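Q: For 1-23, the entry in TrEMBL reads region 'Disordered'. According to TrEMBL, the compositional bias 'Basic and acidic residues' annotation covers 13-23. The transmembrane segment annotation in TrEMBL covers 31-54, 66-84, 104-126, 132-150, 157-176, 188-208, 220-247, 267-293, 300-318, 324-342.
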Amino acid sequence: MASSMNIESGLEEGTKSSEESNKKKPINWPLLLLNAAFMAIGVIGGPLLSRLYYLHGGGRKWVNTFTQSGGFPILFGPLFFLYLRHRSNPQSTHFFMESKLFVASAIVGVFVGLDNFLYTLGLSYLPVSTSSILYATQLAFIAVFARIIVRQKFTPFTINSVVLMTLGSVLLGLRTSGDRPAGVTGKGYLFGFFLTLASAGLIGLVWPCVELCYAKATRVLNFTVVLQFQLNVAAFATIVSFIAMIANKDFQAMQRESREYGLGQTMYVVVLVAGAVVWQFSFLGGLGVIFCVGSLFNGILSAVLLPMTEIAAVFAYHEKFTGEKGMALALCLWGFTSYFYGEYQTNKKAKALTKEQADDQYK
């Protein structure tokens, strides 16, 4: 596939099973950019809306967790359109994902639900800027787990990128005492710090597992299947939150909380619904990026977007932008550029090799 191919071809063309997935395949750039845009919307907007819920009187942790996956019904729209398109094409074969992908996505969904709770609970003790840059440490976890689970090959550019971005994330933890939100104790701040790291570690395990699920697919994998996979992941993550909300009697508490919410009852609903939609973009984009490139690049992209969330929080909530945060942002951008340049060089060599092989066949 050439880099100029359209997004529609990404819906039809996929990867075969594990043997072919281990080979370097050309990148569908339009589809990758679309999913990167989805990620940017979710990674930057999601934490801001989750924090907005806490800032004005929201305090139900599982309610906020629910919003991170509860927006999955919006995926039925594009899936229905793709189904009609599938029905109108007599050459199309399978539309629905195979049963083992369904089971795998359900298991992934449970872990995503738990990860959402860890992140949400940590965010209740930390400012968005600190939480976001800490969460960027998922890159280091993804690098380790991708190496173990999917045998991710590291290039010098990849190693340089991981080191730079990890340093940028760790740098933020060197000076956090003056960044504590009002009403949060030192122990609470430390608790949130480690909860966020635990969340980063868990999602760092989840993304390579998703890549492995894609690689083990028996049938051709296309973006329609990726949408179904995300729908199932989000549905099971939502079930985890829903059960916890019932056990915690959150539904009864939400009526009182909405009446007492600082921005008003209507805005209470708007904040939760908007959060559900925006977070859905984040996870859909993440799965799409893994489909196009791989789990490590998903971590790279997340790491470079999270500091941008930090900047957005500075403007939206007047959080402090210290020198350490500026250096962390610079390191993350440098690391992203390094990785992107390495991928460009690798793909350039792969295309040249493919052309040479094609020329040899005609000699």
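Note: Cβ is positioned from N, Cα and C throughout, glycine not excepted.
Keep in mind that TrEMBL annotations are predicted by a computer and have not been checked by a curator.
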Q: At least three Cβ pairs under 8 Å linking the transmembrane segment (220-247) and the transmembrane segment (104-126), pairs spaced 6 or more in sequence?
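A: The transmembrane segment (104-126) and the transmembrane segment (220-247): touching, yes.
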Q: Name the range, of those listed as 104-126, 132-150, 188-208, 267-293, that has the largest tally of Cβ pairs under 8 Å with the transmembrane segment (66-84).
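A: Checked against 104-126, 132-150, 188-208, 267-293; highest Cβ contact count belongs to 267-293.
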Q: Residues sitting near the transmembrane segment (300-318): Cβ under 8 Å, six or more positions beyond its termini, same chain?
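A: Distant Cβ neighbours of the transmembrane segment (300-318) are 36, 39-40, 43-44, 47-48, 51, 55, 127-129, 132-133, 135-136, 138-139, 161, 165, 168-169, 286, 289, 325, 328-329, 332-333, 335-336, 339.
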Q: Please indicate, using numbers and ranges, the residues of the same chain that are 6 or more beyond the transmembrane segment (324-342) and have a C-beta under 8 Å from a C-beta there.
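A: 129, 133, 136, 155-158, 160-165, 167-169, 171-172, 174-175, 297, 300-301, 303-304, 306-308, 310-311.
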Q: Return the stretch with the most CB pairs under 8 A relative to the transmembrane segment (31-54), choosing among 132-150, 188-208, 267-293.
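A: Answer is 267-293, with the largest number of Cβ pairs below 8 Å.
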